[in-house]
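J.: My questions will all concern the structure given below.
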């Protein structure tokens, strides 16, 4: 009798979900406590604590729903072999186009493209471990919209408009279409030719890819989504993100970040922290 790998994987996923939910319930109970913790007395006011608690509770309720839908979809995708069905359909699509379905590169790209298109239309297929090669969690669209325009807006953290939300998403899709296929093709070639040193070759490729992306991101990719203005020149370059752009297009909790490599290293401040904006 063959070992039930599929059932074992699904069972493990459910056990992990139960364990993580147990931890989430304990944290949720802590959020419901109305008393200011002793170590925070004098550090923040009761009013600020209540606002923080209300925000945490909203995020917690949302997290419960999101995680339940996610585990339900993940298990359904595996149990009903939806990925296998997509793989067969993508091969048939290649034959329809007159291409060779036995070509692993074409077949894989067709498969990923089909999954991405279908997930955008349905907005309910959670295949994050595959779609992360293309763009981050596009199948979380309904949850992203609710989180951004309901929860974050309710507590005053979101200044993003619907137009900027979808504009950034479309830019991400176009960028993924341009960058994704060469990376996937390279990985497939390495798998085909790697032999006993496959792991080393893949590690080297991913290392080089990471260094290249860290180098070109500040000068080629980031400007597609935001405007950057030099503020001070020191050992690193200090930039301020454009006011009209960033205030509307990003949540206000984030105030700064660092990124880049070699001569492209930068510190970026969101302009909500800049004195001129505060005035």
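These residue numbers are counts, starting from 1, taken along the chain as shown.
Glycine too: its Cβ is placed from the backbone N, Cα and C atoms.
According to TrEMBL:
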DOMAIN    30-121  domain 'CAAX prenyl protease 1 N-terminal'
DOMAIN    129-227  domain 'CAAX prenyl protease 1 N-terminal'
TRANSMEM  6-23  transmembrane segment
TRANSMEM  61-87  transmembrane segment
TRANSMEM  107-135  transmembrane segment
TRANSMEM  172-192  transmembrane segment
TRANSMEM  198-220  transmembrane segment
J.: Sequence-remote contacts (6 or more beyond its ends) of the transmembrane segment (6-23), Cβ cut-off under 8 Å?
T.: 64, 67, 71, 74-75, 78-79
J.: For the domain 'CAAX prenyl protease 1 N-terminal' (129-227), how many residues does DSSP put in helix, in strand and in coil?
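T.: The domain 'CAAX prenyl protease 1 N-terminal' (129-227) comes out at 82 helix, 0 strand, 17 coil.
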